[in-house]
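The following features are taken from TrEMBL:
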type: REGION; residues: 41-63; note: region 'Disordered'
type: COMPBIAS; residues: 42-58; note: compositional bias 'Basic and acidic residues'
type: DOMAIN; residues: 95-168; note: domain 'GDP/GTP exchange factor Sec2 N-terminal'
type: REGION; residues: 155-201; note: region 'Disordered'
type: COMPBIAS; residues: 155-185; note: compositional bias 'Basic and acidic residues'
């Protein structure tokens, strides 16, 4: 029983170690996902700043025109600006958005796995403690039963010793009485109390 319980405890401890390794790996993956997401955000921000900078730099040339041409240039620029359309985002921006969404999904999956591993770890730990407590209780009961059995055997042994002592005392008394009768009446005398005991000369 004890060997089987010990084997079960070792199996549970091995499972706990495995879950700890899985949890550590999940945390590491989660940290990697965070780093990659931050890197993608930085790239997206840099690209956005570059696009805004290029847009803000394009109309600056009007400030260098002669004063007499500024009004006409401004009107022509305003007219031409109305026909302009905002350029669509570059393909890299779409890719960044897709990567961000993918990384977010991966991080959520890693969080779920971490929660599952933590739940399994807590469940196994509780099961391990419960089985350990049951083993301790079983061992205590077995030890108490064994101690009770030993006490009974010791009591019986004590009773046997007392009976043996009484029997030896009775035999010694019989022998002393027989010797006294022999000395007084001779070896032919038979004590009626002990007809089975008789000494031959």
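Cβ atoms are placed via backbone N, Cα and C, with glycine included.
In TrEMBL, annotation is done automatically, which means it is predicted and not curated.
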I'm checking region-level scores; what's the whole-number mean pLDDT for the domain 'GDP/GTP exchange factor Sec2 N-terminal' (95-168)?
83
Helix-strand-coil residue split for the compositional bias 'Basic and acidic residues' (155-185), DSSP-based:
31 helix, 0 strand, 0 coil
